[in-house]
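The ATP binding site feature in TrEMBL is assigned to GLY432, GLN433, THR434, GLY435, SER436, GLY437, LYS438, THR439. Here TrEMBL flags 48-159, 206-240, 276-345 as coiled coil. Look at TrEMBL and you will find 352-681 tagged as domain 'Kinesin motor'.
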Amino acid sequence: MKGKNKMDYKGKSEQMIEYIKKLRACIKWLLEREDANLAEIVKLNGLLEAAEKHHSQIVAQLKSAIEESKTINEELQKQYASLEENLKKVEAEKMDALRSYGDEKETRIALESSRNELLEDLSRLKLEGKRLNEQIKMLQDTNKRLQEYNTSLQQYNSNLQADVTKNGETITKLQKEKNTMVETMNGLKDHANSVKMQLDLAKSSQNEALKQKNELLKEVDNLRSELQQVREDRDHKLVEVHSLLAEIGTYKEMTGKSAVELDNVMTRSTALEEICSAQQERIKLLEVQLASTNEKLKRSDLTTIESMTEYEKQKRMSEDLQLRLEEAEQQIIDGEKLRKKLHNTILELKGNIRVFCRVRPLLSNESGAISYPKSGENLGHGIELTHNAQMYAFTFDKVFDQLASQEDVFIEISQLVQSALDGYKVCIFAYGQTGSGKTYTMMGKPEIHDQKGLIPRSLEQIFQTSQTLVSQGWKYNMQASMLEIYNETIRDLLANNRTSIQDGGVSKYSIKHDTNGNTHVSDLTIVDVSSFNEVSSLLKRAAQSRSVGRTQMNEESSRSHCVFTLRIFGVNEGTDQQVEGVLNLIDLAGSERLNKSGATGDRLKETQAINKSLSCLSDVIFSIAKKDEHVPFRNSKLTYLLQPCLGGDSKTLMFVNLSPEVSSTGESICSLRFAARVNSCEIGIPRRQTQIRSLSQG
């Protein structure tokens, strides 16, 4: 307790009294909460006892019905026995009286038909008895399941915290394994490509070796034929030489021809001998060439065998690498499936509707009225606002102070953007008074990297992630549209001709929801996009068409709700998987009080329409949270457009933007109270581990 000085006991006692009052109020609220919980438990016990009484009554009724059916069955059996006796009597009478055969035959047919009818009645009664027995078993099973369900709920409450921690560790581990597998797969692909190139080179070298072998074989055959021809010529010449020598001897002995003729013959013989020696030298040369060719042929055969062996080895290695590659791809696919499941489980535990708070920086001429917890469990989640000398404290899923950058904000919502690629409906919208920084949070300044808002950053992440998933077999098609809701009238921000609507013409756009939970706006411009640059040009074109106006609270205030929708269609041909996700990014118009905005004329009409649609949005969220039978979606074009995103397994995030200046504290408190009510809502699957834990303790 702080006073004006150390002796200011009166001031300290007054502060102590205020704290005591607050503590008593808290104790009173806790006691009321405990009484409400006890009353709820008593009510549930009464319902359980009533159900058990009703169950015992049904069992008694079923038992009496079974006893009645048994009695009826016995009577029918007796009737059946008596009918059989009558039938025997009729047959005996038939044997005794042939004249009345025709009448007896008709009687017998009638008796047989009645017998069949009785048998059918008997079978129906048996079936009815079986059905009643099955109903008794079903009721008993239902009672057991209720008891087991009660036990499982208690176990579920105690195990959820451990599951969250385990899932987080599993996701981290799977992410690391995924990165390792991707690197391994890339390495294996590179190695497989290099092996394939080596195989191609080995095949080409083998083909060249075979060609050389064939050419050498042809050359050997030619050399052999030439050698054979030379040998034949040599033999022929030797025969001629011997014949000439014989002739010379014969001539010398018999005729004694002249020395001139003898010299001619000798000259001819010498020439023939020279030719023969030359041919012998050529034969030796051809034999040397033949031996060299045979050696080349052997080396070529060895090279061919080595190439074939290397080829088989490389082929087996390639097949092994292909199998490992297929296994790695399957592990990556299985890991991606598990990642999607765990990612969605974590987001469901965090809450299908979450609330973030962001405070814009102070301007040079403004004084602040907002502070934040410095320590404790509310650090990063709490915000404190001073209004009329009274402190108001609020807690949300995340609170961003004036120093938070656009990147800091986007990191917190990036998981929701990933859910859109995984096939879920995601909706992110900014809420707050005029001049609190909603448009800066959603759009920012796309031309400056550090000041890009959630919309351009989300689109960059989606296109980058979709490109990385191409290696896993995914193909994505995306469609973009952008509209604004101005004075409860839909305007197409991507239409080429908007003159008639701007001049006050009747809107031609109507909202429809199909059976799959998808929203369609008739005649709305839908553009197929394949890159971030295409979407960026669409955003620039839409920004030039949006309705803005000047109020006393903001020089250029957004006077309409701007809705950017990106539909994502993904197909994996390898696993036959298909996903269809939707990302809605919404910049709501600025909320403001009429007496403070200074709006008149058209601005007054705009302000009234804006405040009405925001009020309808809060009514819808609270109706869903209370599980009302009727949810007033149709009270506003905005809520009817967002109907599929506010229930089921959809993911919704609300940014409440605040102005920190003292003059805006009244509007800031209204925005924070609305956000706190949304933050306490339970839509879809239960959202917080802390709440689950408190329920199990209650």
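Even glycines carry a Cβ here, placed using N, Cα and C.
Nobody curates TrEMBL annotations by hand; they come from automatic prediction.
Locations of recorded TrEMBL features on the structure.
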residue	record	Cβ neighbours (10 Å)
GLY432	ATP binding site	31
GLN433	ATP binding site	26
THR434	ATP binding site	25
GLY435	ATP binding site	21
SER436	ATP binding site	29
GLY437	ATP binding site	19
LYS438	ATP binding site	28
THR439	ATP binding site	23
Take the domain 'Kinesin motor' (352-681) and average the pLDDT across it for me.
81
